[in-house]
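Have a look at the structure below before the remarks.
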């Protein structure tokens, strides 16, 4: 499902990267740090694959129905799929956010304060309210097969997504957005293409009827939406960090509920609103205190724009301040007088 998105990233950003100056161009990036982006692409492609597989284990073809109570309405099927989607996505959220916090602390040297931990916990409490509401609302005897395997794949996908998010934050802050998206598009297209051919080519032929424009439009719509996510996430990470991004994503479940109510006439539980309020409160508490990085990490984070170019104003002021201090210091005057 992600192959078209990686192809679009490759067409747009890898081409952009190829036409940049030599010291910032595609060949230079591949030679200097191509293997790092290859590993990151493996993680990113793997995260998408295992999470989709986790959902497939709760698909309609994998559902075991009680003989005494077979399907009676299409609404019952949709309700069950909606429930499974929420429980699986909540499991993903509950694992991904703490993993991102831990990885950011270990590898990017982000130092979280009490308010950051408190805000994250409040947001996760909101997720717990959502799961509780979904468990109370479900009223079907349909049970999925291989539920344990699906949950384990979801946990693996959450860990891979966390690694991908933290690595993406480091890449866009140390290098550039164009470089990151260009390399992900290049390696992602290759890896996902190989994966598609060897693992999913038969499923692709059976799952999509290419003679129906409705199914084609759904695939294109999904790919364009995912492309927009890939483009906007680095912009958010440049302005904040991976932890704040994951807290923000928690609020998306409320909007999914709104679409479910409008499209499928779902009934909602009052805890949904408690959950949304808790997520927003946790987000606000998190941003009451700015995150700090360890001094050794500050040297790695360059002031760059979307093209990876240095912010000239910051660099010039830094140089002017440094030169002014050096040229007015007694040590400099004493050293300089020896050569006059």
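Note that Cβ sites are derived from N, Cα and C of the backbone, with glycine treated the same way.
Source: prediction; values computed, not measured.
From the options 57-74, 147-164, the stretch TrEMBL describes as transmembrane segment is 147-164.
Taking TrEMBL as the reference, the stretch among 270-288, 289-307 described by the feature transmembrane segment is residues 270-288.
The stretch that TrEMBL tags with transmembrane segment, taken from the ranges 114-135, 312-333, is 114-135.
Highest Cβ contact count with the transmembrane segment (176-198) among the listed stretches 35-52, 218-237, 243-263, 270-288 falls to 35-52 (criterion: pairs under 8 Å). Within the chain carrying the transmembrane segment (270-288), a Cβ under 8 angstroms from the stretch's Cβ atoms is held by residues 115-116, 118-127, 129-130, 132-133, 243-244, 247-248, 250-251, 253-254, 257, all 6 or more beyond its ends. Residues 82, 86, 89-90, 93, 96-97, 100-101, 104, 110, 112, 116, 119-120, 123, 126-127, 130, 165, 233, 236-237, 272, 275-276, 279-280, 282-283, 286-287, 291 of the same chain sit 6 or more residues outside the transmembrane segment (243-263) yet have a Cβ under 8 Å from a Cβ within it.
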